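See structure below.
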Amino acid sequence: MREQLLAVERVQAIEWRDGALYLLDQRLLPHRQTWLRFDHAAEVADAIRDMVVRGAPAIGIAAAYGLVLGARARLQAGGDWREALEADFARLEQSRPTAVNLFWALQRMRERLARLKDDGEVLGQLEAEAVGIHASDREANLTMAQLGMELIRKHQGNPQVVLTHCNAGALATGGFGTALGVIRAAHLEGLLEHVYVDETRPWLQGARLTAWELAGDGVPVSLNVDAAAAHLMKTKGITWVIVGADRITANGDVANKIGTYQLAVNAMHHGMRFMVVAPSSTIDMSLESGDDILLEERSGSELLEVAGQPVAADVPAVNPVFDVTPADLVDYIVTEKGVIERPDSTKLAQLMCRKRLH
């Protein structure tokens, strides 16, 4: 399966070359593929905040490279560069509050930095750490794709019909995707009949990104409005809902793109399986439950325009970006360390003690 996935690799969102970070501007997809160059930590933080790059693993990778850029500038400026670098840590941490991969990646960079005493080694070592985070996520994607595909094979009768939400693909990660990695692997193994993709308002990550990724790979895919999901579950033979995650707490609660919670409720009602695919860096054992997660809300202005024209201009809009799916609605959590069925705090703790499978 690894070789099959590598053979069809087509999309990347992040590149590090010649000492600079390049990000595919996801706000412009699918109409334009524009790469932007970043040379400063503040620019990377703004790119994360403004959704040039999005998806929990990709945000973490971008932040790690952003810290390298910050360290380079601080070293060149001289003086107490370590203290000055704290401003870059803070700005990157504040860019998006919900995706724990951001904080995990920056903590890895901080720990590597703390071990370095020779200023001459700092840039090379921090760059190696960031490149390692990027490469590790790609390997995790491959492992999760295999594990998730095997779950689908285990339950397969006829080819399966899948519903997915938002974008948990190559554009959201350093590799092939989390949820879409599983979907890609299942397609390559002939286990999929069709994939339905929620459009995922208001940024339309499903319509602009996921449908584009899957169609480009030859996966049979249809786009639907978010509100049609329950109807499709009832009428289209859907057997799996497969999503990614931005944060998973110690008890197995899952924070993901707004609309995920209602998919899980409807999946349970209709008797279909609900799979969450995320690297172990998404699991936050410091938070007991989803009630402890800081859930990002974005400006209501994102909901008050259609094609650049104002609608309901005098009405306030509520725009939560994430919701929390309780663990008891989740059938499987798939990570690079293994699979948890019916997650709870004991199973999550045991998983986090394991070494990676790849």
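Using N, Cα and C of the backbone, Cβ positions are placed for all residues, glycine too.
Here is what Swiss-Prot says about this protein:
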| type | residues | note |
| --- | --- | --- |
| ACT_SITE | D246 | active site, proton donor |
| BINDING | R54, G55, A56, R96, Q205, N256, K257 | substrate binding site |
| SITE | C166 | site 'Transition state stabilizer' |
Take the C-alpha atoms of the residue listed as 'active site, proton donor' and N256 (substrate binding site) and report the distance between them in angstrom, rounded.
5
Other CB atoms, at most 10 A from the CB of C166 (site 'Transition state stabilizer'):
28
Using DSSP, would you call R96 (substrate binding site) helix, strand or coil?
coil
I'd like to know which of the binding-site residues R54, R96 has the most other Cβ atoms within 10 Å of its Cβ.
R54
With Cβ-Cβ distance below 8 Å and at least 6 positions apart along the chain, what are the contacts of K257 (substrate binding site)? List them in sequence order.
H165, C166, T200, Q205, V243, D246, V321, F322, D323
Below 8 Å Cβ to Cβ and six or more residues apart, same chain only. Which residues does that give for N256 (substrate binding site)?
H165, C166, V243, G244, A245, D246, V276, F322, D323, T325
Helix, strand or coil for A56 (substrate binding site)? Use DSSP.
helix
Those same-chain residues, other than R54, G55, A56, R96, Q205, N256, K257, found with Cβ within 8 Å of the centroid of the substrate-site Cβ atoms are I59, A99, C166, N167, A168, A172, G244, D246
